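Chemist: Next up is a structure, given as structure tokens.
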Protein chains: 2
Amino acid sequence: MDIQALRSANPDHWMRAAAIRALTLDAVAAANSGHSGMPMGMADVATVLYEKHLKFDAADPTWPDRDRFILSAGHGSMLLYSLLYLTGDAEITLDQIKNFRQLGAKTAGHPENFLAHGVETTTGPLGQGIANSVGFAIAEEALRARFGKKVVDHHTYVIAGDGCLMEGVSHEAIGLAGRQQLSRLIVFWDNNNITIDGKVELSDRTDQVKRFKAAGWHVQEIDGHDPEAIDAAITAAKKAGSPSMIACKTHIALGHAAQDTSKGHGALTDADQLAAAKQAYGWTTGPFEVPDDVKSQWEEIGRRGAAERAEWQSRIDGLSESRQKEIQRTFAGEAPKRLSATIKALKKQNSEAAPKVATRKSSEMVLEVVNPIMPETIGGSADLTGSNNTNAGDLGVFDVDSRKGRYIYYGIREHGMASAMNGMALHGGIRPYGGTFMCFTDYARPAMRLAALMKVPSVFVMTHDSIGLGEDGPTHQPVEHLAISRSTPNTWVFRPADTIETAEAWELALTSTSTPSVLALSRQGLPTVRTEHKNANLTAKGGYVLADAEGKRQVILIATGSEVSIALAAREALQAEGIGVRVVSMPCMELFAAQDEAYRKRVLPGGPVRIAIEAGVRQGWDRWLLGERGREAKAGFIGMSSFGASAPAGELFEHFGITPEATVELAKSLL
Amino acid sequence: MDIQALRSANPDHWMRAAAIRALTLDAVAAANSGHSGMPMGMADVATVLYEKHLKFDAADPTWPDRDRFILSAGHGSMLLYSLLYLTGDAEITLDQIKNFRQLGAKTAGHPENFLAHGVETTTGPLGQGIANSVGFAIAEEALRARFGKKVVDHHTYVIAGDGCLMEGVSHEAIGLAGRQQLSRLIVFWDNNNITIDGKVELSDRTDQVKRFKAAGWHVQEIDGHDPEAIDAAITAAKKAGSPSMIACKTHIALGHAAQDTSKGHGALTDADQLAAAKQAYGWTTGPFEVPDDVKSQWEEIGRRGAAERAEWQSRIDGLSESRQKEIQRTFAGEAPKRLSATIKALKKQNSEAAPKVATRKSSEMVLEVVNPIMPETIGGSADLTGSNNTNAGDLGVFDVDSRKGRYIYYGIREHGMASAMNGMALHGGIRPYGGTFMCFTDYARPAMRLAALMKVPSVFVMTHDSIGLGEDGPTHQPVEHLAISRSTPNTWVFRPADTIETAEAWELALTSTSTPSVLALSRQGLPTVRTEHKNANLTAKGGYVLADAEGKRQVILIATGSEVSIALAAREALQAEGIGVRVVSMPCMELFAAQDEAYRKRVLPGGPVRIAIEAGVRQGWDRWLLGERGREAKAGFIGMSSFGASAPAGELFEHFGITPEATVELAKSLL
């Protein structure tokens, strides 16, 4: 690569891009850790994007109508931090750059959306950014259809590396974007031919251009160091009418001794080599120093969108007050005030009618009344619409020619669906929910974890939540998935027992602002256990006394979901023998754990025997069974200790001993 | 579709294929559950494959040199069961067909490899079969290179549906197969344009032909109901010199009222419609009855490979005794006798040298001595070779022109890697291991679960197992992944404390015949804690007393991996104050749980205080902390209750309070 030719061809551009490269080298060297090569390779693309195309105003990184810039190759975080610092972001200061990767800094090793407003999404786990971006682009289309072009009218730009494109989730994302013809989505592929292990050819020879074309994308191939080519490609991409991929041939670690090698992918910390690279760039200032003129140019870029933002604001100000309020409410992620009354009415009606329905059907009943009053919901399923009962409340189908539709046929793409949902939630203005079978949370796990880490309230509607799904057998029967979901911090795992608890769980999920929810719902019909209407949302406490002991309390049965009615039946049998039994319904362990100790002790007082009943593994239950500090009770568990089997559901519950009879027997043996 | 034209064009073929369709209709109707449409659509392809190409002998479904047939679209299990029954498989009898999807039957809802020898792999979770098949094909190439064409020389055939091809893992599998030019791999795509939600176009418009070509595959498009076209395509595919995809245009639920509809995908149970379909087929026998001549034709197909198998056996018999023994040992999955002594020697050497190394480095030291004596290992990494330390012991690289190489650059494909590993293990003759970061077990989870369900001893080498990885931050720091891995039945999760335990863990993983292993290994250097050499494999007990209390035992500290040395330091401090402390190292909870109660009580006697120390979430620990029935001890936990952060590792352990000082303090507060 002839650096000098690049420098002389576009000297101003060169120095702006060199600022990114120099800051990256300095920050990684200071941290003695990080990834230098990617920002150095993609600095030209990013510079042109920010200078000529990206609609943003550094003074307000939360402007709802900004273009979104997603760094899917999140290990190159210094690219993003450099751009934010250079354009004058208030949070990513020079001090932050100097503290790259240090405890408490906003400049974490990988970009974390919850640390700085300028970071649109957390990236690092490869492929997530590009998959999120599909959700960002869907959100833009949906909100533009809802509020009009004067309110919403922007693009989503992504930088993705070879790693992102090798990950399976990228296939799901690219296929979904192609199917939906998301023309506001523009992906730059950092085609540097290097991965950690060596040249890409070591592990992959996919023709990415053909691959994207096969998925219905517009594709261009350019020299990623030629600012004019970059500019022209972005201009063409905006006009493409379909999602667009720009393959940018770049040199990783451009200008450094490690250029074009896998060493260049990592932390370049050798002082001499760093100095040599800066010299080649014509970069003469000291560490972390950006020449004033270069910084001024960048700050001007940072102010480029100020007028446009002001115009946008005046357009908003010109709207009716109610319209403004609705836009504000929607982007703030606030549930409508009517939601609470709607849920209460549904609860009252169903506690009286006491239907015997599967909780997946209960969930549909909730959606039927909620979706009409929450125009911000976008629902969908990974090709299990009729099983997940997710299409309810007259949503219409979101499609190329019907962007007001609010139901998405995601296809058999659990992972891509979950990532896209996160993208919608991060974009703002959308409350996404999506369904698959509980067992296939496995496929969506990386995105579900990121929802929790990123603090976005995606709602994962996971039906067929136990061996109760029956004949499909152990590949489809979750046994460990409640435990898995509960193990992730900042996640609410709801396993409601009936329609009432399902409505309460939905209310909590739809009013959450920073915690994702997993709704574990039954395939099989369940009796209504909450037949006495209460306005209060009991599920909000996580666990509560559903039926107390008559006479002296000797046993506490704790159960969730489909096993609550088993607990009630066991209670009845034991009470008939004079053994006092309390039944605690525990639809959400995390919310129960969040109650104060006095409440927890009131629900689960020390006592001779506690038994938990859940058609899943015991892991996670001992805390409640044995007491938080131990010594509280003799404990037993009715549940699964192996994979399931293929047979009708009723036979499986018998076979695995998850029955009232087995519970009664265990209780007696422990007393 | 003109059924009569199909019938009259190839009447004999038609009736053979109709047998599959009729059995499918009968079995699904009897079970009142299942998927009729796929077997009905793909019956012609399967019939021609079995009749003219598949190398197999129904008398021995375990013949090592048979062609493998993988039903990736596992919901169409009746296709496979029909083929097995019709060709005379000893296990899948007519009774089994009649008991489709019933408790205890071998004919489970989805094919389960552990229920019948004729089932090569468990499928159902979509995309897994096609991803497994890449491993099957790799195993064939590797074993052919090792033992020669006279011993190993076969193909892997796959039927994949639209769901399989939409799943992200298919992208990883197809890319890997294309890169490795696995010319013995032939995939039939059941191109029926129907998913559960409706037409494929609802969610996908990917041009699959172009997509496979972009990945380096040979592609053909045929009418999937034309037996001559099917035969010709398979013949061409075998000669292609690359993996081959045959796009078979088919009609789901062919000949049934629900043909070409999403209803046809599911259970077709209407008696009148069933009768009408059979009439259209010219199928006049009663339920589950196959006309004698048709059954005879199929049984002849089942015997077609008998001579070839006999020839193969005589070639084997002609080999030297030692060669025969080695082939036998390899395919039986038996570790070499030398393994035990090799591990002992390594343990002795390192307990004396007591190096301070990361356990990922310890793992490399094990592989350096194990790989040379176990030619059946195939190692690899999802693009983290230098970090996972998986390339050790002079393996050579497995590549198109070096099939004797035993190290695979899997690329950034954690899921595809894990699925391919399972395929290799299922094929037999290969003991696969593969690495990524512990946090990215999330990406591989569906395949890791299937390894456990299928009882294959894949070894997942998961390094960077805690916040100890430092600056990469919370996206890369596992906190819940030990709990997640432990929650899955039939999985050994090893978190060794030093080189000695790492060697012991590897010995167990490499001698396991039916349980996969997860090795959770540290990034950071750890002191040797087992400085006294013992021949016995203490890790085999799961947990053991590493250092006992001096004086009266008041506290038991239980720790794993990098936290064992913290426990030892805390013990030292407490002992100095006269508080007796036992330290239990617990490298594998599952193996500890498998010990008899007497042993468990000996290691963890009732006592005033127990504290567990692990840089992960508490979930899963309470069983050991509080006692299996409760009431045993006052308990505390030193670990994580949130996601991690980006900072140098040492600072993070301080920040999150995972230190000897915090342990001492907690112990005193509990006493």
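Numbering starts at 1 and runs along the chain as displayed.
Each residue, glycine too, has its Cβ placed from N, Cα and C.
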Chemist: Which one, B:ARG315, B:ARG523, B:ARG530, is listed by TrEMBL in the same substrate site as B:HIS35, B:HIS265, B:ARG360, B:SER387, B:HIS464, B:ASP472, B:HIS476?
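Modeler: Within the candidate list, TrEMBL flags B:ARG523.
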Chemist: Of B:GLY161, B:GLY163, B:GLY411, B:GLY470, which one shares the thiamine diphosphate site with B:HIS75, B:GLY124, B:PRO125, B:LEU126, B:ASN192, B:HIS265, B:PHE440 in TrEMBL?
Modeler: B:GLY163
Chemist: Which of these, B:ASP162, B:ASP204, B:ASP207, B:ASP223, does TrEMBL list as part of the Mg(2+) site with B:ASN192, B:ILE194?
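Modeler: Answer per TrEMBL: B:ASP162.
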Chemist: Less than 8 Å, Cβ to Cβ, versus chain A; work out which of the binding-site residues B:HIS35, B:ASN192, B:HIS265, B:HIS464, B:ARG523 satisfy that and list them by sequence.
Modeler: none
Chemist: Of the recorded positions listed here (B:ASP162, B:ASN192, B:ILE194, B:GLU414), which is spatially closest to B:ARG523 (substrate binding site) when Cα positions are compared?
Modeler: B:GLU414
Chemist: List, in sequence order, the same-chain residues at least six positions removed whose CB sits under 8 Å from that of B:ASP162 (Mg(2+) binding site)?
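Modeler: Listed in sequence order, they are B:TRP189, B:ASP190, B:ASN191, B:ASN192, B:ASN193, B:ILE194, B:THR195, B:VAL200, B:ASP204.
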Chemist: Taking the Cα atoms as reference points, how far is B:ARG360 (substrate binding site) from B:GLU414 (active site, proton donor) in Å?
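Modeler: Answer for this pair: 18 Å between alpha carbons.
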Chemist: Taking just the CA atoms, what is the gap between B:HIS464 (substrate binding site) and B:GLU414 (active site, proton donor) in Å?
Modeler: 15
Chemist: Among B:HIS35, B:HIS265, B:SER387, B:ASP472, these being the binding-site residues, pick the one whose CA is nearest to that of B:GLU414 (active site, proton donor).
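Modeler: The smallest Cα gap between B:GLU414 (active site, proton donor) and any of the binding-site residues is with B:SER387.
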Chemist: Taking 8 Å from the centroid of the Cβ atoms of B:ASP162, B:ASN192, B:ILE194 as the cut-off, which other residues in that chain fall inside it around the Mg(2+) site?
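Modeler: Everything else in range on the chain: B:GLY41, B:GLY161, B:ASP190, B:ASN191, B:ASN193, B:THR195, B:VAL200, B:ILE252, B:HIS265.
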Chemist: My understanding is the cutoff is Cβ-Cβ under 8 Å with a sequence separation of 6 or more in the same chain; which residues meet that for B:HIS476 (substrate binding site)?
Modeler: B:PHE437, B:CYS439, B:HIS464, B:LEU469
Chemist: Take every residue in the domain 'Transketolase-like pyrimidine-binding' (B:357-528), average their pLDDT values, and give the whole-number result.
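Modeler: Averaged over the domain 'Transketolase-like pyrimidine-binding' (B:357-528), per-residue pLDDT gives 98.
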Chemist: Which of B:ASN192, B:SER387 has the fewest nearby Cβ atoms, counting only those within 10 Å, among these binding-site residues?
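Modeler: With the binding-site residues B:ASN192, B:SER387, fewest surrounding Cβ atoms within 10 Å: B:SER387.
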Chemist: For B:HIS35 (substrate binding site), what is the secondary structure by DSSP, using just helix, strand and coil?
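Modeler: DSSP assigns B:HIS35 (substrate binding site) to coil.
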Chemist: Per DSSP, to which secondary structure element type does B:ASP472 (substrate binding site) belong, with helix, strand and coil as the options?
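Modeler: Coil, per DSSP.
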